[in-house]
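*Asks:* Look at Swiss-Prot and you will find 97, 99, 103, 141 tagged as Ni(2+) binding site. Annotation comment: Swiss-Prot describes 97, 99, 103, 141 as Fe(2+) binding site. Swiss-Prot lists 96 with the feature site 'May play a role in metal incorporation in vivo', giving sequence analysis as the kind of evidence. Taken from Swiss-Prot, the feature site 'May play a role in transmitting local conformational changes' applies to 102. The feature site 'Important to generate the dianion' is assigned by Swiss-Prot to 105, with sequence analysis given as support.
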């Protein structure tokens with residue numbers, strides 16, 4: 001189940017809010033310009049599935065979102081727990097960074113933890129199958145897929161290099177706990 005925890009950015013041990021209520025998650029994130037929606041991931045795909053398999057399964061959803069929002073590029077992040085590069089892939093986005101365009105992800109299998117740093121608050125969003133999240137450009141954040149990553153997310157971009165992270169150099173991400181999935185997805 002999706003989960004949101006909000007913290008003061010100096011108190012990682014004490015959440016100000018901890019909820020699994022989708023309506024509350026969406027409302028709280030909307031306050032900071034983040035879109036959170038529950039969609040239906042209707043075609044079964046397993047973590048580690050190829051981009052071609054995921055595109056074939058979700059072509060109608062992809063085409064609709066591209067048409068609605070003007071995306072120019074789409075790819076798939078699909079990582080299974082047995083991926084030999086999982087530690088390297090996990091480390092890639094564990095430090096605070098931002099993108100120069102909106103970061104839009106639709107989780108069609110598994111889970112991962114987006115952590116946003118906005119003002120003096122930290123928002124941990126556990127995204128699971130059926131979650132669509134859109135993080136506005138310039139929002140500082142990090143992403144943790146866990147020790148044994150298991151997820152498939154369709155990623156949407158307005159520019160081909162939109163996925164490139166611009167790192168802030170702060171150590172705030174190390175002050176917050178690493179991701180341990182709360183459910184099997």
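Heads up, the Cβ atoms here are built off N, Cα and C, so glycines get one too.
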*Asks:* From the Cα of residue 96 (site 'May play a role in metal incorporation in vivo') across to the Cα of residue 102 (site 'May play a role in transmitting local conformational changes'), what is the distance in angstrom?
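*Replies:* Cα to Cα, residue 102 (site 'May play a role in transmitting local conformational changes') and residue 96 (site 'May play a role in metal incorporation in vivo') are separated by 16 Å.
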*Asks:* Around the Cβ of residue 141 (Ni(2+) binding site), how many other Cβ atoms lie within 10 Å? Please give the count over every shown protein chain.
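*Replies:* Taking every protein chain into account, the count is 23.
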*Asks:* Taking the mean position of the Cβ atoms of 97, 99, 103, 141 as the Ni(2+) site, which residues outside that list, in the same chain, have a Cβ no more than 8 Å away, listed in sequence order?
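*Replies:* Residues close to the Ni(2+) site, other than 97, 99, 103, 141: 93, 98, 135, 139, 140, 142, 143, 165.
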*Asks:* Give me the Cα-Cα distance between residue 105 (site 'Important to generate the dianion') and residue 97 (Ni(2+) binding site), rounded to a whole Å.
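*Replies:* Spelling it out, the Cα of residue 105 (site 'Important to generate the dianion') and the Cα of residue 97 (Ni(2+) binding site) are 16 Å apart.
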*Asks:* How long is the line from the C-alpha of residue 103 (Ni(2+) binding site) to the C-alpha of residue 96 (site 'May play a role in metal incorporation in vivo'), rounded to the nearest angstrom?
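*Replies:* That comes out at 14 Å between the alpha carbons.
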